[in-house]
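For reference, the structure is listed below as structure tokens.
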Amino acid sequence: ATVNLRSVTSWVGIARLFAVVLSCVAFSLVASTGDFEGPYGTWCMFTWCFCFAVTLLVLLLELLELYPMLPLSWDDFTSAFSMLAALMVFTTSVVFPSTFINSPCSGSKCARQAVATTVSCLCFLAYALEVGLTRAKPGDISSFLSTVPGLLKVFEAYVACLIFSLLDKYSSKPGLQWCVAVYSICFIITLLIIIFTIGRCLSYIPCPLEKMLVGYNALALVMYITATILWPLYSFQGMRRPDPCGRNCSWNKHLGVTFLTIFNLIAYLVDLVYSTRMVFI
């Protein structure tokens, strides 16, 4: 193996170094408080540890120039991971303080939690900077997942995962079952596109890939339009917000799914516009 110092002295390398340090500081501070129980605390710790480990691995592989030996598209993998890490850390930076920092806040434990939240926000900025630095320039489609449609694919899959985490009490109404089917079908196809792109398998598909993606984006957009209408119509039918409505309240979960469905609807719309411009214009 040869040592490529430019991998850690370039702007992308510096952003990754900051992400490694900041994610390590975040989970170390939270671990020192001993207060990260429950699903939300587990999610936050997993996010920081996962991003730290994968980013450190990426840095080492590029420093030693070992990544060409891997049977995958390295640029697509790093672009997809940086986008995923930015989304995960952003979610954690919102979930952790809202769940574990109480008001009024005082004492060393609260100070460490506040510093961990600040460090997590800075870590998100580091990953967002990496996404911006590695994003493909207009006309450059050598790495699909670094283009706007490719990054949107990661966003769409991640938002679908958040929707799945909030699903509650939907099996009794056919309209809600259709919405869950929409989320599942679009998530599976989008995830397969990401995996096939990273694994360099798209060339084996016996049809015009670009036009197929445009067709899929149009179909997914129509399906999400129906889900955007049906989900709030059926999930809030005959249901008023209970008082009190705690953290695990079904009404709040249904509201969260409604907003996330709208986010993905907008993402598929933008994806369709960009994909159409790339293919036909």
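Residue positions begin at 1 at the first shown residue.
Cβ coordinates come from backbone N, Cα and C, glycine included.
All annotation found in TrEMBL is predicted automatically rather than curated by experts.
Taken straight from TrEMBL:
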DOMAIN    7-139  domain 'MARVEL'
DOMAIN    144-280  domain 'MARVEL'
TRANSMEM  12-31  transmembrane segment
TRANSMEM  43-61  transmembrane segment
TRANSMEM  81-101  transmembrane segment
TRANSMEM  113-129  transmembrane segment
TRANSMEM  141-166  transmembrane segment
TRANSMEM  178-198  transmembrane segment
TRANSMEM  213-234  transmembrane segment
TRANSMEM  255-274  transmembrane segment
Secondary structure content of the domain 'MARVEL' (7-139), with strand meaning DSSP E or B: 110 helix, 0 strand, 23 coil
Any contact, the transmembrane segment (141-166) to the transmembrane segment (43-61), with at least 3 Cβ pairs under 8 A: no
Folded-back contacts onto the transmembrane segment (213-234), same chain, C-beta under 8 angstroms, at least six residues removed: 149, 173, 175-176, 178-179, 182-183, 185-186, 189-190, 193, 254, 257-258, 261-262, 264-265, 268-269, 271-272, 275-276, 279-280
